[in-house]
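According to Swiss-Prot, the features are:
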- 1-70: domain 'DRBM 1' (DOMAIN)
- 87-155: domain 'DRBM 2' (DOMAIN)
- 266-292: region 'Disordered' (REGION)
- 266-280: compositional bias 'Basic and acidic residues' (COMPBIAS)
- 328-359: region 'Disordered' (REGION)
- 328-338: compositional bias 'Pro residues' (COMPBIAS)
Amino acid sequence: MYKNQLQELAQRSCFSLPSYTCTREGPDHAPRFKASVNFNGEIFESPTYCSTLRQAEHSAAEVALSALSSKGPSKSLTARVLDETGIYKNLLQETAHRAGLDLPVYTSVRSGPGHIPTFSCTVELAGMSFNGESAKTKKQAEKNAAIAAWFSLRKMPRLDPLRGEEKEQEIVARVLSRFRPKEVKRREPNQSRRRTVIRTIRQNTTTTTTTTGDLLCEKLRSINLYTNEASSSSPPPQRFWPSRTNLTQEQSKVKSLLEKCQEYAEKKQSLDDPKPEMRIKTSSPSPLSSSVERNCYSKLLPFPSFVLNHQKLAPAVHIRSVIPVCSAPPPKPNPNPNSSPFITRELGNGSQEKKSLPN
């Protein structure tokens, strides 16, 4: 844990990474370790011996972090890490914006030889300038200037004592608010009044919404109970049917249409049939008329309509006995069965010849 913090601090401060050296003492079955760390040219040793090498390195890193934190303006370890990572630049900018002032302006000056430059930075805020410690990089010089400005503003006379980091930011914002222009000071009470009015309105709306919500829930519950009781006791709703006068008028129209359709179907059937005497008359209505009737009534009554593919009645079929030409005529029956079975054939001379038929 301490090794990671020390390494992160070195990376963000643009320093070389810390290097560890360890010494071992004691027998092989019970060794003891003591470590030292080199951080930016300074060496820090662990105060006591440890049973493992890792513990010795962590103790050396802890000593280094505590020593570095005591050198800075803040005394805690976490505050020192924040100082080196540039958090105070963000805090200074945020508090200046909150106080209604212009953002801080940093001016850095480079000095020293080209291969080993040094930078010194000054920050201007609310008509005041603050100088920071010189550093090897421009970024670090700006961080140092922000730290110097922050702690100098915090040391200005105040009414209440310091109570943690959150209270510290409020104190700096209050100090900076003294240097605001008069126009911004006049706008502040109006804004505070608007904020208080908005808060009261929101509170009232929340209370009214809660009360109205409770009333609505109670009403909905009562309505649900009433509807359940009514649905269990009341009969089912009646369907809407058209009046009788409309039904009679529509029925008369449908009948006239059916008669016309039937006449048209009879005329068409008479034209299609080859022989009118073979027409088959039935008392049942034609399929066309039935389909028309159903389609007409379907507009009035709520029953589904069915469409069927009806076909016409086939004409009557006459069966005739056909005799082929090539076949011999049928034998005629003999009127005299007692006569002799002879066949007479006339010859060309006028004489007749008789032949007996075979039995």
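Placement of Cβ uses the backbone N, Cα and C atoms for every residue, glycine included.
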Mean of pLDDT values spanning the domain 'DRBM 2' (87-155): 87
Three-state composition of the domain 'DRBM 2' (87-155), taking helix and strand from DSSP: 29 helix, 20 strand, 20 coil
